[in-house]
Amino acid sequence: MAIRSFWRSRTRFMISLTTMRDFVVPIMTDSSTLIIPQNSINEINQINSSVRCYHDGRPRGPLWRGKKLIGKEALFVILGIKRFKDDEDKLGKFIKTHVLRLLKMDMIAVLTELERQEEVGLALKMFRIIQKQDWYKPDVYLYKDLIIALAKNKKMEDAIQVWESMRQEGLFPDCQTYGEVIRGFLRYGSPEDAMNIYEDMKNSPEPPEELPFRILMKGLLPHPLLRNKVKQDFEEIFPDRHVYDPPEEIFGMR
């Protein structure tokens, strides 16, 4: 019994030593080199093999957090054009010496980051620069993000210019862009322009969605005649949907 107990305790001791040896990494030798156990190396290789090395379409965080999405030159350009935005001469020189040297993805990254920071004036200038590049092709998503950024900042004159440029290139926006631009014109106090965007939306080849209609009907409460027109179109396109009509005394109030 004593011998059996001795061998059991010895086995447990050897197992504990083996476990500790596997977890104590790295081990320093006299030559200051790292020794990593083979089982740890295999685990690391399995983790690396499972990591996605490509963009799988899932939403990412802001570009300042995703450092891999924006290079050092693009970051330098963003800081530079923000620094010289109030000085046209210095800004023009900076664009010639630094902005025009950027690669395609860096230019797009600069545009996206300026839109995120709501530097819409600089974003519009950057977009015009991109349009002049040899590699540029009309992209509805570039237009969409810029138009939404301009609309949110109540730069509706610039937004409508970009909108007309997009339409001249034969592009139609999506439901979100229509909704944001319509909302921007309503906030800006231009229901006529909102109705022009609405008419353009009805001619879009994409199937209509509810959101722009409801945004427009809510914003047109002070304009009952225009709202009734949109309501009739909504009921024809979406016969199974319900439209809430507020009390009559609300109509015509600002």
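Including glycine, each Cβ sits where the backbone N, Cα and C put it.
Listed features, source TrEMBL:
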{"type": "REPEAT", "residues": "139-173", "note": "repeat 'PPR'"}
{"type": "REPEAT", "residues": "174-208", "note": "repeat 'PPR'"}
Taking DSSP states H, G and I as helix and E and B as strand, how many residues of the repeat 'PPR' (174-208) are helix, strand and coil?
26 helix, 0 strand, 9 coil
Excluding the flanking five residues on each side, which residues at least 6 beyond the ends of the repeat 'PPR' (139-173) place their CB within less than 8 Å of a CB in that stretch?
108, 111-112, 115, 118, 120-121, 123-124, 127, 130, 180-181, 183-185, 187-188, 190, 193, 197, 200, 204-206
Checked against DSSP, the composition of the repeat 'PPR' (139-173) is 26 helix, 0 strand, 9 coil
